[in-house]
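A short worksheet on the structure shown next.
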Amino acid sequence: MTTQSEAVPTTVSAAPTEQPLLEVTNLRKYFPVKSSGLVRRTIAQVQAVDGVSFQVPAGTSLGLVGESGCGKSTTGRLITRLLDPTSGSMKFEGHEIGNLSPKQMLPYRKEIQMIFQDPYSSLNPRHTVGTIVGTPLRVHKVVPEKQVLNRVRELLEVVGLNPEHYNRYPSEFSGGQRQRIGIARALALQPKLLVADEPVSALDVSIQAQVVNLLTDLQKEFGVAFLFIAHDLAVVRHFCPEVAVMYLGKIVEIADRETLYNRPHHPYTQALLSAVPDVKQAAVGGRRERIRLEGDVPSPVNPPSGCRFRTRCWMAKDICAKQEPPLLQIGPKHKVACHFAGEYGAMPTSPITLNVLGVDQEGTPVAGATPSAEDLNEPGFADTWTDVETLKGNSAPMATSLPSDSRPASEVGSEDRGTRS
Amino acid sequence: MTDFLTDQQHAGQPTPAPGGEDFLVVENLSVQFPTHDGLVKAVNDLSYSVKMGETLGIVGESGSGKSVSSMAVLGLHDIKRSRLTGSIRVDGKEIIGASEQTLRKIRGNEVAMIFQDPLTALHPFYSVGAQIGEAYRIHHDVSKSKARAKAIEMLDRVGIPQAKSRVDDYPHQFSGGMRQRAMIAMALVNDPKLIIADEPTTALDVTVQAQILDLLQELQRDFRSAIIIITHDLGVVAEMADEVLVMYAGRAVEQGPTRELLTHPEMPYTWGLLSSMPDVTASTDARLVPIPGNPPSLLNPPTGCPFHPRCPHVDKVPGDLCRTELPEFLPGQRGTHHLKRCHLVNPDDIYATEVLPEIAPDLVELTLADNADVAHGDGMHGER
Amino acid sequence: MAGFIIRRVISSFLVVVLTSMFVFALFFLGPSNPAGPVCEASGKCTAERLALIEEQMGLNESVVTQYGAFAKGIFVDRTITIGSEYECDAPCLGISYGTRGQVTDELLEKYPATLSIAIGGAMIYLTLGVLLGVLAARWRGTAADRLLVGGSLLVSSVPYYLFALLAWIFLTLQWSIFPATGYTPLTENPGAWFAGLLLPWVVIGVTFSTQYARFTRGSMVETLGEDYIRTATAKGVKSNKVVFKHGLRAAIVPIVTIFGLDFAALLAGTVFTERIFNINGVGWWALNSIQSPQDFPVITATVLVSAVLVVVANLLVDVIYSFLDPRVRMS
């Protein structure tokens with residue numbers, strides 16, 4: 001089956017029968033905006049996370065990238081239940097955890113731990129490292145009190161710190177070492193899932209690599225799964241076999257890393273990748289040609305209608321304002337939310353989403369059609385997908401789902417990171 | 001690659017380059033801060049120069065002295081709390097020991113600075129327009145309304161939409177990218193000859209970073225100013241700088257034209273930086289090769305080469321040289337324009353055979369061939 | 001902004017109402033009987049007389065009814081019977097048991113003295129304190145700074161009443177450097193008003209300024225370390241202007257908060273100042289009212305006034321805050 005041959009060796013195959021460790025469906029988080037009048041009514045909602053769906057298979061990593069305000073950190077906080085979701089479902093090993101009370105959540109907290117960005121503010125400066133790392137052990141009573149210290153020593157050793165330094169304070173450690181302490185604390189309960197929110201972005205380059213390597217080793221040794229949230233595309237690519245790109249509260253593209261980084265189909269992903277400064281450019285000299293995005297990300301209080309990226313997109317047409325593009329599966333492990341999804345420089349001229357949405361070229365609903373965009377927002381990947389190539393340039397309605405033996409999109413189009421400035 | 005060699009005729013220190021007068025010359029600069037724990041040696045014996053229209057990239061990690069040295073150019077260190085020795089000349093005028101009045105005439109006028117985080121670097125209680133206008137009025141005797149008009153013009157110039165209606169906004173009403181544009185507008189309002197940009201895009205998102213870098217380059221073309229860009233991101237340097245200076249523990253450890261330095265680095269610290277950075281096109285199977293250990297203490301810097309405790313190539317140097325003797329900052333095998341502070345005799349071979357295969361196996365052949373070229377064409381002329 | 005102010009006014013009003021209820025309840029549920037002193041004041045107090053007075057004063061009614069009558073008096077005139085009948089014009093805060101005069105009138109009579117002390121003293125300590133603090137921050141680490149910080153600690157460690165008493169004894173009585181203290185209404189004789197209040201102002205100014213110097217110094221040191229101060233210097237702004245226009249502008253914000261509350265406390269009565277310098281103000285009045293025989297209406301009035309002052313000061317601080325900090329203003 002093409003699905004299998006496409007998969008990278010490190011990726012655990014997410015066959016429909018196998019239960020993912022974490023499955024998130026249509027997750028939403030709206031923060032109310034209060035009016036300034038006499039009575040403080042809720043006048044608007046900050047749509048921080050607006051219907052994201054994804055899976056994290058056991059023992060592997062899903063990267064969540066995007067720029068500030070895209071909702072990636074909020075998503076992480078929802079999954080660790082530091083925030084309560086507005087709606088949607090989060091299933092951990094098949095159990096719904098989105099609506100649990102703090103008490104009911106307790107057993108799951110052991111399984112889902114978090115690593116924070118700032119190693120300076122996330123450790124209590126008045127506690128010794130032993131206390132910091134040992135607290136989760138004591139709270140959850142996973143080991144007898146007498147053995148806490150031994151376990152702490154073990155954990156410190158695992159993350160590459162001197163185990164005899166358990167009685168020191170965080171201020172005696174450097175930034176990279178503090179991040180190791182934070183990782184030791186997160187590992188203390190042997191979680192199955194680690195939500196890492198920008199775990200290396202506060203660190204120096206040389207130290208970043210140490211921490212990324214440590215996380216890689218820990219994953220291999222303990223089989224822990226990661227939801228790796230970062231803005232640094234290169235770090236995410238290095239660490240995660242599967243990556244989701246978020247923009248303004250929504251996932252715009254999700255794919256295995258080879259596809260996402262080599263053949264991105266969403267204009268935003270393309271722009272994001274082309275914006276990263278590249279050391280190899282030194283050999284050529286000057287700036288790399290890149291896609292220039294104009295302006296700023298719109299406010300999540302009042303996001304654009306239809307496709308949220310359309311206000312900054314060079315491909316935008318009428319339909320983009322009228323219809324929100326569904327996250328359509330276009331390859332074995334590739335979903336994209338764009339009416340004109342395609343490789344850069346070879347994007348289709350006619351929307352690929354017409355049949356799914358039951359609309360015509362301009363985005364007006366066709367009489368009698370039954371739009372199923374909402375149903376498409378399923379986590380994970382299906383065995384069948386829409387073949388973009390056969391739809392490309394073809395305005396006639398076509399079957400949306402082709403059998404799985406259809407030509408995978410990867411066979412067409414070589415790497416074409418075109419230019420536009 | 002050889003074109004670089006023919007370009008470089010001067011053999012003198014510190015940065016020979018074709019044509020043009022050096023606008024900024026830093027010579028043997030040392031900056032020290034006395035503290036309760038001892039003397040922090042933030043910058044040691046640093047020399048470099050920048051010409052009009054040229055961009056110098058200064059690369060290093062936190063504590064490398066890259067920001068401290070550039071703040072010294074504007075005399076921003078409190079003289080009561082710091083010790084500066086050496087010489088900094090801006091357009092021929094000595095900065096070290098200069099009077100407050102002399103410094104004020106240079107600050108924001110001939111030399112302007114762009115800081116890392118525009119949210120904290122702009123005053124939260126004054127409007128963006130007022131802050132730009134103030135910078136203009138310090139060096140131009142004009143009315144407030146003229147200064148405001150100038151502020152609008154500058155905001156428009158740096159690409160703020162509807163500059164006229166945004167000029168009275170406060171910094172917190174701007175997005176991160178717009179704040180940095182406003183900061184750039186403020187830096188450029190007096191048409192400075194040198195702009196020092198201290199991590200100008202570190203706090204920004206990657207697409208915004210691209211916008212700001214584009215803007216800086218465009219403005220440099222228009223204004224013909226010199227730029228010093230301080231960053232930890234080698235990618236930014238690769239795309240922006242003509243010349244690169246790598247700093248470690250307050251010292252210059254490698255310097256050369258960008259292309260030369262990044263394709264043929266000769267100092268193990270630079271190798272470490274290159275190999276520890278993941279990159280969006282590298283093989284995902286390759287493991288990142290971090291620099292072991294932590295940056296050195298500036299209170300008690302290591303003896304000899306400051307990088308030796310973290311350097312994986314110490315054993316390739318005979319005896320105890322790395323531990324006992326500070327290497328001089330001299331040209332290596334590749335010519336007089338490429339300086340390095342390292343005892344290794346054959347760094348280019350080590351780089352091509354040991355380091356490059358780890359980070360970019362596809363480039364090994366190319367680099368080896370290139371090294372051979374240099375050996376033939378230029379002989380050991382660089383080796384002294 | 002308007003919505004914010006209205007919301008704050010409403011919540012402030014609620015705080016005042018709750019305070020008055022609390023005070024009312026405290027005294028009525030407490031051990032002392034307000035009728036007692038009234039009864040004793042008019043000769044021999046028999047049990048029958050006491051019961052009659054209690055009846056007349058409405059003390060037999062429930063606390064709620066009595067509070068209702070009190071609250072109503074703030075808006076309409078009422079007649080109060082304490083032995084005999086007294087007219088009490090709105091806004092009525094009751095009739096003083098001691099003087100049998102309207103509490104509102106007495107309050108208005110005593111208030112100007114306290115107000116004069118507070119405003120004059122506050123002006124001195126605010127200016128002096130902030131100025132010293134800024135200078136200390138600017139020259140932090142130098143001998144001048146250490147002298148200032150040390151001196152300010154020394155002054156703060158001396159109890160205020162001792163300081164005021166010594167100042168009065170030596171500066172006025174002994175050496176006659178300052179004119180005799182006392183209160184003359186400003187409208188009567190501005191010269192005498194000024195002369196009589198000069199020493200209290202100086203004493204309040206000096207003692208309070210030490211605290212403000214330390215607050216300001218701390219706030220300034222923090223502000224001068226901010227990135228935007230470095231930006232201002234890098235623009236070529238003169239160092240004086242950097243300190244005052246860029247530094248103080250931001251450092252003053254937390255000072256305003258402290259000042260608002262301090263000033264409200266001063267206004268509510270400067271007991272020691274008034275006693276030591278022989279000024280018949282609200283503080284003295286309040287002090288007298290709690291001495292036996294307790295003058296319950298006066299106590300209620302002074303507590304209420306303090307509550308109103310604190311609440312209003314808080315409100316003003318918030319409003320001023322929003323003008324000082326555009327980030328608050330916009331949100």
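Think of each number as a place in line: the chain as shown, counted from 1.
For all residues, glycine too, the Cβ spot is worked out from N, Cα and C.
TrEMBL lists C:111-317 with the feature domain 'ABC transmembrane type-1'.
Long-range neighbours of the transmembrane segment (C:12-30) within the same chain, counting only residues 6 or more positions beyond its ends whose Cβ lies under 8 Å from a Cβ of the stretch, are 63, 66-67, 70-71, 296, 299-300, 303-304, 307-308, 311-312, 314-315. The transmembrane segment annotation in TrEMBL covers C:12-30 (among others).
Feature annotation from TrEMBL assigns transmembrane segment to C:113-135 (among others). Same-chain residues lying 6 or more positions outside the transmembrane segment (C:113-135) and placing a CB less than 8 Å from one of its CB atoms are 144, 148, 152, 183, 186, 193, 197, 200-220, 243-244, 247-248, 251-252, 255, 259, 262-263, 266-267, 269-270, 273-274, 279-283.
Sequence annotations record features per position, and here TrEMBL assigns transmembrane segment to C:147-171 (among others).
Sequence annotations record features per position, and here TrEMBL assigns transmembrane segment to C:191-210 (among others).
Long-range contacts of the transmembrane segment (C:248-272) within its own chain (CB-CB distance under 8 A, at least 6 residues past either end) are made by residues 114-115, 117-118, 121-122, 126, 130, 134, 137, 160-161, 164, 200, 204, 208, 212, 215-216, 219-220, 222-223, 226, 228, 281-287, 302, 305-306, 309-310, 312-314, 316-317, 320-321, 324-325. Positions annotated as transmembrane segment by TrEMBL: C:248-272 (among others).
Annotation comment: TrEMBL describes C:298-324 (among others) as transmembrane segment.
If one looks beyond the transmembrane segment (C:191-210) by at least 6 residues along the same chain, the residues whose Cβ comes under 8 Å of a Cβ in the stretch are 116-117, 120-126, 128-129, 132, 151-153, 155-156, 160, 163-164, 167-168, 171-172, 178-185, 262, 266, 270, 273, 277, 279.
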